[in-house]
Amino acid sequence: MVSTALDAMAGTAWGRWLGLVAAVWVQCISGNNYTFSNYSDSIKTLMGLTQLQLNGLSVAKDVGKAFGLLAGLASDRLPTWLLLAIGSLEGFLGYGAQWLVVSKTIAPLPYWQMCVCLCLGGNSTTWMNTAVLVTCIRNFRGSRGPVSGVLKGYVGLSTAIFTDVCSALFADDPASFLVMLAVVPAAVCAVAMVFLREGRVASADSGGDEADARGFAAISTLAVAIALYLLAADLTGVGGGGGLVSTVFVAVLMVLLAAPAAVPAYVGWTSWMKSRKAANADAEAAAAPLLLDSKEAAASEAAATQLQGNGEAEEGRGPRLGEEHTIAEALSSLDFWVLFSSFLMGVGTGLAVMNNLGQMGVAMGYTDVSLFVSMTSIWGFFGRLASGTISEHFIKYVTPTTKPVSSSFTRHDCSPPLIPFPLRGTTSVRGTVRIWGRINLYLACSELNRTPPHNRT
């Protein structure tokens, strides 16, 4: 009974927006793959690892993300709530075991077991990301670019959120940070399991593209406000050190994170007002006969016949580029493997830099490297959010996806020349430049299955 009611809610305009807000909250806690630099030095010290062995742990974490293919295959067969449950359980086990080691609750685990723990933690976010992205794209089929940009943007903010909250409440304690990574995602996913569901909204109830654009603009504006708030806190240092100021900082941040819930509340209120007006109009027109002109009837019948003929003509053909693909259809597409190869060979260097950002900061004489991790996350947010807007521009002018992807890799590789120079301040610049190189990579994935303008109905 409860499940049926929730599924029915997902089929309403405000229900799908409530699901998007729940997805945004999940994304706010799904960027823990990029937080390794915050506690890697503690693991290195406690386990007596060399830098090469520490790099091996970071590789194990990234290998966990490579197994995200399993989440993609399961997304066609498992419900959203089960995908979220799997991801939260993996994260709880993986980061929970790391917390036991860093907090010295248990003796350091053997190296291979730590690799397994980091692999579990890395794989956990792929289930969360897949669950929210697939469900929201299906709920907002006409707004795939903005959906992808908003959700990926909030993922970019998640590392800064975790880092700054830990700095404010726990003075950058690595053990407390790992507790947050284990517990907070599980709690947020439990809430999202209730509200994030796939549903088809009738065109009369959706409010149209203009209403959707206003909703995405509101959520994106709130995201920018959160990013600027975190950036100001990092630059001024008001969020760290504990005390009343830090508590107020966290409280305001929580209010900003809860603010997107105003969008489904507004959509629900406007839908209720429209339904009342429609009911009154139906009551007034109940006595008037409904007549259909014979020409209109003939035109409607002819249009229906033409659509049926087109459907029969196209039946049996595979999906064209721009149409929705299943996993099997995507794997048999040359375009998919070109994109896969580009990611495989182009993004690895960026992960290597981010995984060793903490070690580079320590080598340059910084005692606290959380600022670099947070700044990289914030600028990553701006890049990810921009990808949704830029994708709309490229689709409008039918720009080949290869152009933005090539420009992404060009920007992505501008930071390595800065690494050999031991100049204070260049660490933040390196992270910023490298993250901005990822702007167009996300839109390339979303546009692989996007309907081009000339095919839209």
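Heads up, the Cβ atoms here are built off N, Cα and C, so glycines get one too.
Here TrEMBL flags 16-264 as domain 'Nodulin-like'. Across all of the domain 'Nodulin-like' (16-264), the predicted model scores a mean pLDDT of 87.
The domain 'NFD4 C-terminal' annotation in TrEMBL covers 323-390.
Taken from TrEMBL, the feature transmembrane segment applies to 81-99 (among others).
Summarising the annotation, TrEMBL assigns transmembrane segment to 111-137 (among others). Beyond the transmembrane segment (111-137), the same-chain residues lying 6 or more positions past its ends with a Cβ under 8 Å from any Cβ of the stretch are 19-20, 22-23, 26-27, 30-33, 36, 43, 47, 49, 53, 56-58, 60-65, 67-68, 70-72, 74-75, 80, 83-84, 86-91, 93-95, 97-98, 101, 144, 147-148, 151, 155, 181, 185, 189, 192, 196-198, 446.
The transmembrane segment annotation in TrEMBL covers 177-196 (among others).
When Cβ-Cβ distances below 8 Å are used as the criterion, the transmembrane segment (216-232) is approached by residues 20-21, 24, 143, 146-147, 149-150, 153-154, 157, 160-161, 164, 238-239, 252-253, 256-257, 259-260, 262-263, 374-375, 378, 381-382, 385 of the same chain, each at least six residues removed from its ends. Summarising the annotation, TrEMBL assigns transmembrane segment to 216-232 (among others).
For 244-267 (among others), the entry in TrEMBL reads transmembrane segment. Beyond the ends of the transmembrane segment (244-267), by six or more residues, the same chain brings 13-15, 17-18, 20-21, 24-25, 28, 161, 164-165, 167-169, 207, 211, 215, 218-219, 222, 225-226, 229-230, 233, 238 to within a C-beta distance below 8 angstroms of the stretch.
According to TrEMBL, the transmembrane segment annotation covers 336-354 (among others).
Among the features that TrEMBL reports, transmembrane segment is placed at 360-382 (among others).
Below 8 angstroms of C-beta separation, residues 26, 32, 39, 43, 64, 71, 74-75, 105, 109, 113-114, 117-128, 130-131, 175, 178-179, 181-183, 185-186, 189-190, 192-194, 196-197 of the same chain, each at least six residues beyond the ends of the transmembrane segment (81-99), sit close to that stretch.
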